[in-house]
Every structure is written in C-alpha cells, then in structure tokens.
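K.L.:
Below you will find the structure I want to go over with you.
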Amino acid sequence: MEQNFARMIDHTLLKAEATKEQIEKLCAEAKQFNFASVCVNPTWVKHSSELLQGSDVLVCTVIGFPLGANTPAVKAFEVKDAIANGANEVDMVINIGALKDKNYDLVQADIAAVVQAAKGSALVKVIIESCLLTDEEKVKACELAVAAGADYVKTSTGFSTGGATAADIALMRKTVGPELGVKASGGVRSLEDMKSMVEAGATRIGASSGVAIMNGLIADSNY
C-alpha cells in the first residue's frame, strides 16, 4: 500500500524562495521514495529533468500560476517552453474571474489552449481553485475541464485562501466520473490526510510533505 501511495504523490516545492539546493533535495527524495513526480516552478524544470533522468519520477510544472489570469496564448507558450525544458505534466490555473462572470466559452478556450499545446507531450491537470468557488462553480469548472480535453482536475494552488477538502474531492470526482484524474493539493500533510482524500476519490496528491506522509508523520508545513 505504501508504494501505491508513493506513486500518487506529486512531491511539491513551489515557494518563490526555493533554492537550487532545495530543488536538488526534492528530486533526491522523489527518487528515494519513487514518487509520481516533482512539481516545481518553470524555472526549475530543466534542472529537475536532468536530476531525474533514468528514474520513474516525472517532472510536473505550473502554468498561469497562481492566479490563472494570463491570456490563453501566454499559457500555451508557457506549456511549450516547459515541455522543451523536460516537463511531462503541467498543472494550469483556470481563468477564475471568467468563471465567476459565467464566461464559460473563455474558460473552456483557455483550458483547451493548454491542452492543445501539451498534446502528445504532457499530461494536463486543471486547477479550479476550489476555495474561491461555490459548489455550483466547482461543478461547472470540472465540466469545462472535461469538455476541453484535460486529463485531471485539481483543487488548489496552495497559494489562495484554502486547500483541498474531502468534500470538494468527492464533488469533483462525482462531476468528472471515473475516467479523469482528480488531484488534491493544499494542506495534505499526513498519511491520514492523504487517506481521506483517496477515499473521497483523489488519484493524485500534491504535497510538500511527501516524505512525512510516507513516514506517517504530520508535518508543520503549510502546503
């Protein structure tokens, strides 16, 4: 079971002040525990890719992060640049304001631009920033992600007012059905936290506390 859990974790370090030494430690830990991926900012993709060469650990990065307020063209360029640097997965933030405005065509086109840019090269996870949305908006965001051809929906950036909840994961899973992945991120700090997310329907976990989770310890990290 522990190995299965390890393969569900995106070992994450997205803090602005992350140093080269910290990224190298992240990658070493990911290799040690055989995590699914490391999730790093775009500036660290190339170095992480080099460090993880020959391992099963993928490189995941973030697009339009953390606000989601870039244009679709900029997000698409970010994806292509990330792939050129070695990214295997991209976690993009939706246009949250457009969703609130019920400008669903723009929200879907924005996701579709990223999906198109990643096609054949990288898996796409769509961050809906659930803490800022009503349940109705969460459902709509997930439906738009499905329509745009995304691979996953994801709760949170970890940089807003809240993180993943089991209730949100259950709602997202119910909305997207069994085919799409669902990623819980933000505030998953212990093995118990992770178990509750997986039981609710999560298939991937984004956490900076991956090592603590694997050791069954509660970390004092905020992400």
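Positions of Cβ are set from backbone N, Cα and C atoms, glycine also.
If you look up Swiss-Prot, you'll see Asp91, Lys183 marked as active site, proton donor/acceptor. The active site, schiff-base intermediate with acetaldehyde feature in Swiss-Prot is assigned to Lys154; the stated evidence is sequence analysis.
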K.L.:
For Lys183 (active site, proton donor/acceptor) and the residue listed as 'active site, schiff-base intermediate with acetaldehyde', determine the Cα separation and express it in whole Å.
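P.N.:
Approximately 4 Å lies between the Cα of Lys183 (active site, proton donor/acceptor) and that of the residue listed as 'active site, schiff-base intermediate with acetaldehyde'.
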K.L.:
Hey, how far is Asp91 (active site, proton donor/acceptor) from the residue listed as 'active site, schiff-base intermediate with acetaldehyde', Cα to Cα, in Å?
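P.N.:
Their Cα atoms are separated by 8 Å.
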K.L.:
Report, as a single number, how many Cβ atoms besides its own are within 10 Å of the Cβ of Asp91 (active site, proton donor/acceptor).
P.N.:
28
K.L.:
So if I draw a 10 Å sphere around the Cβ of Lys154 (active site, schiff-base intermediate with acetaldehyde), how many other Cβ atoms end up inside it?
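P.N.:
The Cβ of Lys154 (active site, schiff-base intermediate with acetaldehyde) has 29 Cβ neighbours within 10 Å.
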